[in-house]
Amino acid sequence: MAKKLYIETHGCQMNEYDSSRMVDLLGEHQALEVTARAEDADVILLNTCSIRERAQDRVYSQLGRWRELKLANPEMVIAVGGCVASQEGAAIRDRAPYVDVVFGPQTLHRLPEMIDAARVTRLPQVDVSFPEIEKFDHLPEPRVDGPSAYVSVMEGCSKYCTFCVVPYTRGEEVSRPFDDVLSEVIHLAENGVREVTLLGQNVNGYRGTTHDGRVADLADLIRVVAAVDGIDRIRYTTSHPLEFSDSLIQAHAEVPELVKHLHLPVQSGSDRILAAMKRNHTTLEYKSRLRKLRAAVPGISISSDFIVGFPGETEKDFDNTMKLIEDVGFDFSFSFVYSPRPGTPAADLKDDTPEALKKERLAALQHRLNQQGFEISRQMVGSIQRILVTDYSKKDPGELQGRTENNRIVNFRCDNPKLIGQFADVHIDDAQPHSLRGSLLQ
């Protein structure tokens, strides 16, 4: 009987990508098959996120639930990876001594040998080092699971925003070689992928070296990926305003495969708070970039990230954030109450804003962002949208679902499963809070 792998992933798209590569790696080297039940597993992997405090607490809660499984089956291997593992290293075993393997985002390629070593030696295996980007040299070709796929183009971040742990958990920015990324995209396209999302913590800072020694930026990469036969839609995330270049704006205007949607985190609408965050740009500079983009690509959808309650945030600072929201007109966006991350400069700042006030501000901000996002959805009613059909509807097996360019789920009646993995034109009939309803055009 084949041995089983259970994997749970917390956090961002980069973690989702890493988890998929771990599945590929362990499938090839140890013939592990994925199971949906942790209690059936021979190996349990937890790929963690440390962006927010509650995410970190969630790690230890989950490990605590698996303790009984380990006691019942001592041969089971429990491995913890991702950013919490990178940040805490061997200290994870202080709170969860039954964990066998601890590895970081840059050492996931060592998983097979670490698991084997844990079994043979009965000793914990810990490697949270930063061997730059060598992990990609040890990973098998990615398996294809549906018409959409993530492709990691770079690792780490060198911006060192004062609130963020990424430079400490994933290391400095390192771009994958241009031709390696292209080879992965070609492989995916040859196996039925129609849409790729190019990933990086600061993806528009991509600087990949080509086979002839030239340095290519993200705009160069997008143009070449768009020319790959079978790739009809390109997304990328996450971007930093500082490196949202004119060449990237030009690519948005000239490359039809690049979606009319941009996720560009701003975090705050207060220049004072942006400076304290070490974002190194102003709200005026942010809006200037977006004005230039919208002039080049009318109707493009803009989403963002917001942090509410950063240390020292005043009522005026928050009002400036709300003003920025009105000035820009965002699509559905992500927003959170600030939580201090150990080891970051912001964790040492005085935070005298009451938690109740932070939550009140967050509720007001989310309410307005949701209003703006729903208004964009409402304006789409009556339009014809080209969607990539991805799966059956989650609520009705007689319906299929797909995504628009601006990342909205569309559910529509259809009895032809062969449409999954293809593009289709759908008339938008109705806007709902978290999705759209449509009718397939024949």
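Cβ atoms are placed via backbone N, Cα and C, with glycine included.
Quantities reported herein were computed from a predicted structural model and do not represent experimental measurements.
Taken from Swiss-Prot as is:
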- Cys12, Cys49, Cys83: [4Fe-4S] cluster 1 binding site (BINDING)
- Cys157, Cys161, Cys164: [4Fe-4S] cluster 2 binding site (BINDING)
- 3-120: domain 'MTTase N-terminal' (DOMAIN)
- 143-375: domain 'Radical SAM core' (DOMAIN)
- 378-442: domain 'TRAM' (DOMAIN)
In angstrom units, rounded to an integer, how far apart are the Cα atoms of Cys161 ([4Fe-4S] cluster 2 binding site) and Cys83 ([4Fe-4S] cluster 1 binding site)?
16
Hey, does DSSP put Cys83 ([4Fe-4S] cluster 1 binding site) in a helix, a strand, or just coil?
helix
Sorry to bug you, but what's the C-alpha spacing from Cys157 ([4Fe-4S] cluster 2 binding site) to Cys12 ([4Fe-4S] cluster 1 binding site), rounded to the closest Å?
14
If you measure between the CA atoms of Cys49 ([4Fe-4S] cluster 1 binding site) and Cys164 ([4Fe-4S] cluster 2 binding site) and round to the nearest Å, you get 12
Measure from the Cβ of Cys83 ([4Fe-4S] cluster 1 binding site) and count the other Cβ atoms within 10 Å, all protein chains considered.
29
Binding-site residues listed as Cys12, Cys161, Cys164, least Cβ neighbours within 10 Å
Cys12
Candidate with the highest Cβ count within 10 Å, taken from the binding-site residues Cys49, Cys157:
Cys157
What other residues of the same chain, not counting Cys12, Cys49, Cys83, have a CB atom within 8 A of the CB centroid of the [4Fe-4S] cluster 1 site?
His10, Gly11, Met14, Asn15, Thr48, Ser50, Ile51, Ala55, Gly82, Thr169
Using DSSP, break the domain 'MTTase N-terminal' (3-120) down into helix, strand and coil residues and give each count.
68 helix, 22 strand, 28 coil
Could you tell me how many residues in the domain 'TRAM' (378-442) are helical, how many are strand and how many are coil under DSSP?
6 helix, 35 strand, 24 coil
For Cys157 ([4Fe-4S] cluster 2 binding site) and Cys83 ([4Fe-4S] cluster 1 binding site), determine the Cα separation and express it in whole Å.
13
Reported as an integer number of Å, what is the Cα distance between Cys83 ([4Fe-4S] cluster 1 binding site) and Cys164 ([4Fe-4S] cluster 2 binding site)?
12
Mean pLDDT across the domain 'TRAM' (378-442), rounded to an integer, is what?
95
